[in-house]
Amino acid sequence: MWIIVAITAYFLLAFVAVIDKYLLAGPLPNPKLYAFVIGIFGGLALLLIPFGFLVVPPWPIIVFAMMAGIIQIFALVALFSGLKKIEASRIVPAIGGLLPVFTLLFTISLGRAQLNGIEMLAFALLVGGSVVITLEKGKFLSFAGFLYAFVSSLLFSLFVVLSKFVYEGVEPFLSAFLLIIAGTFGGALLLLVSGELRGALWNMMQRRGVEKQMLSARVLSLFAGNQILATAGFMLQNWAVALVPFAYIAFVNALEGVKYVFVLLLASAITLKFPHVLKEEIGKAAIIQKLFAIAFITIGLLLLAL
């Protein structure tokens, strides 16, 4: 069940990634402004709390949820800082490899991971496929880039493990999810302590040209639709974490490669059908590389399903 939920989540998140690429390349070229608006949009989920969707758990679970949400915010800060200073094609493969490994190490250190040989092989194939499908020829990771990937992967893996504790201690799922979102919202508020951030937000609000672009009905509707997809994908991804046995939570991260397969297929289809909207250039060598990656991911999924 959790495998199907995770794959469905990554299918939706693949659409989100492709639309993000279009929006950031044209209508919304400022990634800081885009990330800020996304954060505000995500906080709207907290409006469900007054309608009885939140069951208050014991205080240790609340602490775990708050910690998970705050850690997620700082993981995003590390990720976006790396993406700002280092090319995405150098950072993403490293995160794809490090994140599931860190999550697995955390579960092993907690005594909750007991994987057999076939499961370890499936894990290695899924992680390897995730790295290979995102690698680009001639794109090597610098030490600074590795540090950003290391820190963001470590924090994201902590977020996943803490979230799993919350999902084990709270029923129903939506209640636990809202608690974590509350922690994320609190983490975002903590960032406002930075005078630099407050100044950046004020400066962005003064950019009339960008505001006019955002008020475009077409762009606004596309953005809103994309955020609905993103919210659904994020919820399903968290539901997969809630459903999966603790020993296998690293596999939810390892299945990230499935998203890149969907992104590749979607971007290629859009390039062929609507080249004026999105253009994805892939050479023969890259196609062969990505086919090998897809084979790794497919075999890993089959072994995992046995």
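From the backbone N, Cα and C atoms, a Cβ is placed for every residue, glycine too.
Keep in mind it's a predicted model, so treat the numbers as computed, not measured.
Under the heading transmembrane segment, TrEMBL lists 6-24 (among others).
Feature annotation from TrEMBL assigns transmembrane segment to 33-53 (among others).
Per TrEMBL, the feature transmembrane segment maps to 59-79 (among others).
Counting same-chain residues at least six beyond the ends of the transmembrane segment (91-111), those with a Cβ under 8 angstroms from any Cβ of the stretch are 79, 82-83, 123, 126-127, 130-132, 134-135, 141, 145-146, 148-150, 152-154, 156-158, 160-161, 246-247, 249-251, 253-254, 256-257, 260. Marked as transmembrane segment by TrEMBL: 91-111 (among others).
Annotation comment: TrEMBL describes 117-135 (among others) as transmembrane segment.
Feature annotation from TrEMBL assigns transmembrane segment to 147-167 (among others).
The transmembrane segment annotation in TrEMBL covers 173-194 (among others).
The transmembrane segment annotation in TrEMBL covers 215-236 (among others).
The transmembrane segment feature in TrEMBL is assigned to 242-266 (among others).
TrEMBL lists 287-305 (among others) with the feature transmembrane segment. Long-range Cβ contacts of the transmembrane segment (287-305) within its own chain (Cβ-Cβ under 8 Å, at least 6 residues beyond either end) map to 3, 118-119, 121-126, 128-130, 132-133, 135, 251, 254-255, 257-258, 260-261, 264.
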Recorded stretch, among 59-79, 147-167, 173-194, 242-266, maximising Cβ pairs under 8 Å relative to the transmembrane segment (117-135): 242-266
The transmembrane segment (59-79) touching the transmembrane segment (242-266) per 3+ Cβ pairs under 8 Å rule: no
